[in-house]
Structure formats: C-alpha cells, structure tokens
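Written out below as structure tokens is the structure these notes cover.
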Amino acid sequence: MGLLLLVLILTPLLAAHRHPDFPLLEKAQQLLQSTGSPYSTNCWLCTSSSTETPGTAYPASPREWTSIEAELHISYHWDPNLKGLMRPANSLLSTVKQDFPDIRQKPPIFGPIFTNINLMGIAPICVTAKRKNGTNVGTLPSTVCNVTFTVDPNQQTYQTYTHKQFLHQPRFPKPPNITFPQGTLLDKSTRFCQGRPSSCSTRNFWFRPADYNQCLQISNLSSTAEWVLLDQTRNSLFWENKTKGANQSQTPCVQVLAGMTIATSYLGISAVSEFFGTSLTPLFHFHISTCLKTQGAFYICGQSIHQCLPSNWTGTCTIGYVTPDIFIAPGNISLPIPIYGNSQLPRVRRAIHFIPLLAGLGIIAGTGTGIAGITKASLTYSQLSKEIAKNIDTMAKALTTVQEQIDSLAAVVLQNRRGLDMLTAAQGGICLALDEKCCFWVNQSGKVQDNIRQLLNQASSLRERATQGWLNWEGTWKWFSWVLPFTGPLVSLLLLLLFGPCLLNLITQFVLSRLQAIKLQTNLSAGCRPHNIQESPF
C-alpha cells in the first residue's frame, strides 16, 4: 500500500512538469489548456525542423490596429545649401527636439527579421507606399488585403516660418494624405474621432485637433454595433462600440497607421528672409522611421517580417503576429521516441497525421472579414509571437553593442589622427613618420565578447542536453511524459505480483474450509437419520 500511495502522490507532480528548454512548447501547452481544447491532454506537441519556413504570419484584427502602439525614430540632415547659418539653425533644432519628447533619436536596426513567411487569412488593413527611390520592404498581393490605404507619393511637407515667435513652438503640417477605394469610407458624425491619449504630449504634430467633419467609418470592417473609424486629419483609427462609453477613444500615443504614413513623409523646416537673408532659406529636413512598440507585433510586408520600417519606405504592409510551426498529434497514436540529435540510435520514419496548433485551438484565421469573435485568436497570436520577439531582442542587444563599438572606433580614429597628424605635420603625418600601420584599442569590445559568449554558452548548453538524450538526469525527467501512460498498468501488475500469492492462499484456505464444513455437515446428517427399530419379544 505504501508504494501505491507514493505513485499517487508523484503522478500529479510528473504530469505538471514543464519543459524549460522549450518555452514555445510550454506556451502552446498553456494555450491548449486555457482554451479548453480537446488536445489539452493526451497529445503530442511537435516542432518543425524545416529552416525554409520558420513560421506563419497571422494578421491583426481591426480593433488591434487601434490599440497596438508604435514609436518614431528621428534623424535630421542639414540642407546642403545652408551656409553661414549653422548657429541659428542649430538653436532652432534644439527647440524642435524639445517639442518631440515622445520621439526616440537613437536609430533602430533595420532589415527583415524573417523571410519566406506565409500570411494566413485576409488582412483587414494594408498600407501601400510608392515613393521614388524608396527602400523596398516587400509587397503583399492585393488579394490578401480587405482595405488598402495608399499614401500620396508626391506629397512633400515643408514647414515655413514667417514670424520669429513661431520658432519657439514649431509645428509640422498634418500627416500625408491617404487614398482609399471608392465606397470604403462613410461619413459619420461621432465624437470618438476627437479623442486623444491623455498620457502623451499634445504638442506633437500627429495630435493636431481633429476635424469633426473628417470622421469616416470604414464600412468593410464595421457592423451595426461596432464601428472602425478613420480620422483623416491625424491618420488615426478608432474603435467604437455603440453600447459603451466614450472612454474607448483613448488610443496609444503613436498609432500604427500614423507611424507608417509619417515614415513615408519628407519633412523639413525653412525660414524666411527676416532671419537668414533676402529669400526663403531651407534649414534642415527630417527622416523619420517607425517601429512597433507593442511586443510580439510585426510589420508583414510580402514574405518578409520587420520590426521597423525605414524612412521613405515603399511597398505594401500590414501588421500581425508570427507563430512558430507547432503541430499536434493525438495521443492514441505511437510516435518514434525523440532522439534530439543522438545519431547512435536509428530514426523511425512513418506517416503521421499532424494537426496545426491553431486548428487544435479552434481558431480560424478570418480576422480580415470583421471585428467580432476574434479575441481568442488575437490573444493566441500575440502570446506565441512574444516568445519569438524575446529571442529577437536578445540578438538585437548584441548587434546594438556592435554598432556602438563601430561608432566608438570611428571617433577614436578621427580624434587621434587629428592630434598626431598635427604633431607630426613636418614628417607628413604619424603613419608616414612611423612607416607602419596604426592600431587602435576599442574600449567596448569586451561588451561585445561578453554578449557573444553568453549566446554561445546558451547554444552550447542546449546542444549538450540535446546530444546526451535520456542519459542525463534532466533527460530522465523528460522521459516521464513518455512513461507516464504505462504507469497504471505497471503498478497494477506490480501490486498483483506482491499481494497475489497471499490473496491466492487466503482464497484457497477459504474454499477448503467451506468444502470441509459441507462434508462434515453431510456426514452428520447421514449418521443421525432415525431408523425403525423393533423391540425384541424377549
């Protein structure tokens, strides 16, 4: 009985064991349990080993277009015709920087994160930019877009100041104009388009006061009770539920649509003659890129996935999530034991019917056709996509440190060369005087090595655990999930072997005692039967 109690105590602990080495599988298991899927128990979770298709992209819902937050990154360039006006222009630039507390001035890392990604379902909203000499990020086909907004490719916004007092609070014009298919937008008189985030600075140019007559309803994405609205003065989207209060109009500081359109703009500042001469003088212009601040959300452009869109980008993009290729196999089928890279044991190949994870969750990728019934789908995409974003952030930190190292190297080279060349000017410069190569020490190289060493150690640790297989202690815990279904029959057989002889002996003695009792009763009955005894006459 003690062994039986021990098994009953340990069984829940073994069943609740997680896989810390595979966070995506753990997240998938939690999602299956939280959604009440029939595959939440007694199933296999398998990952794809293909490197050609790292995952699948799913579009965000119309409501998420109003809630996902973006951020802007600003860089500026002096006008090449600016001569002798650096001091007043620099003063104006410092004023402009103070006017944008929500803009980050450190440039992000651009480029696609994944390629060969397939978009599942119809994207509710797509944005198309066709700038000349722009950076192509990828193009989605029109067949996968429900509503497509096209940014005006010929618009150039250049702000001119005619009075000195305006320089203390410079303003940019409204975001670029966008066009849309005829019949897509309907005029709606509602105050939801006049809302603005209370936690953000209202001085930024994308928070210009809304025009009450420019609030348009996107008919393809709206229903009777729920509307998706577009404010054309700020390129902002709003989601309105007619049964709830007006506090729904609180939106992120920078909306996705506003950030995508601003990143295609050519923004500049010029001043008139009373400050800098007799004619209109351009001072500087800005390059603004945009990134998604909400973790787990990505720009989906064709088959490429981006975290940031560069300034002057071109292509057709939407926003969404990236989920890894995880498949489900029912637990009533036999699978080959996972080898995890152990080449000493043979691999078993057989045809197995796998079910995609999102199909097992009961989710249909139909977010592009409406705004109702998609909460569970959006939450699932976001949670799975966040695990990928965490890995990307780790690699981005290492790349950022490398970028800082290059900047530091350039600064040291320029500073030392200037100083040494001045001291050795008579000899033609330091390198010519020494007649050898000049070497420099970069003080941030240790950070790069530490980051790379940590990444290599993590990869090495995972590789060691994978090659050891079931021979190590951690691998033994993983094997419990395979042995657990056989625990019940094995325990029953063990109990039968332990207590079977005793039970058999008790049953045998009981049967023998009953047989003896019956035999004794039969003999007594036969000996006590009455007989007809006649008395003798004698």
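The chain as shown is numbered from 1 upward.
The backbone N, Cα and C atoms fix where each Cβ goes, glycine too.
As annotated by Swiss-Prot, signal peptide applies to 1-15.
Residues or ranges marked as topological domain 'Extracellular' by Swiss-Prot on the basis of sequence analysis: 16-478.
Annotation comment: Swiss-Prot describes Cys43-Cys46 (among others) as disulfide bond.
Around Asn133 (N-linked glycosylation site), taking its Cβ as the centre, 6 other Cβ atoms fall within 10 Å, counting all chains. A coil conformation is recorded for Asn133 (N-linked glycosylation site) in the three-state DSSP classification, outside any helix or strand. What Swiss-Prot lists as N-linked glycosylation site is Asn133 (among others).
For Asn146 (among others), the entry in Swiss-Prot reads N-linked glycosylation site. Neighbours of Asn146 (N-linked glycosylation site), defined as other CB atoms within 10 A of its CB across all chains, total 20. According to its DSSP assignment, Asn146 (N-linked glycosylation site) is in a strand.
Taken from Swiss-Prot, the feature N-linked glycosylation site applies to Asn177 (among others), supported by sequence analysis. For the recorded site, Asn177 (N-linked glycosylation site), the DSSP three-state label reads coil.
Swiss-Prot lists Asn220 (among others) with the feature N-linked glycosylation site. Annotation note: Asn220 (N-linked glycosylation site) sits in a helical segment as assigned by DSSP. For Asn220 (N-linked glycosylation site), the count of additional Cβ atoms within 10 Å of its Cβ stands at 19 [all protein chains shown].
Marked as N-linked glycosylation site by Swiss-Prot on the basis of sequence analysis: Asn241 (among others). Note on Asn241 (N-linked glycosylation site): other Cβ atoms within 10 Å of its Cβ, all shown chains, come to 13.
The N-linked glycosylation site annotation in Swiss-Prot covers Asn247 (among others).
Residue environment of Asn312 (N-linked glycosylation site) contains 18 other Cβ atoms, counted within 10 Å of its Cβ in all protein chains. Look at Swiss-Prot and you will find Asn312 (among others) tagged as N-linked glycosylation site.
Summarising the annotation, Swiss-Prot assigns N-linked glycosylation site to Asn332 (among others).
Among the features that Swiss-Prot reports, region 'Fusion peptide' is placed at 354-374, with the record citing sequence analysis.
According to Swiss-Prot, the feature motif 'CKS-17' maps to 414-430, an assignment based on similarity to another entry.
Here Swiss-Prot flags Cys431-Cys438 (among others) as disulfide bond, drawing on similarity to another entry.
Swiss-Prot lists 431-439 with the feature motif 'CX6CC', giving a curator's inference as the kind of evidence.
Taken from Swiss-Prot, the feature N-linked glycosylation site covers Asn443 (among others), and the record attributes it to sequence analysis.
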**Message:** Let me check the 10 A CB neighbour count of Asn177 (N-linked glycosylation site). How many other CB atoms are there?
**Reply:** 13
**Item:** Which glycosylation sites sit within 10 Å of Asn146 (N-linked glycosylation site) - Cα, from Asn133, Asn177, Asn220, Asn312
**Value:** Asn220
**Shortest C-alpha distance to Asn133 (N-linked glycosylation site) - which of the glycosylation sites Asn177, Asn220, Asn241, Asn312** = Asn312
**Complete:** argmin Cα dist to Asn312 (N-linked glycosylation site) over the glycosylation sites Asn177, Asn220, Asn241 returns Asn177
**Request:** In three-state terms from DSSP, label Asn241 (N-linked glycosylation site) for me.
**Result:** strand
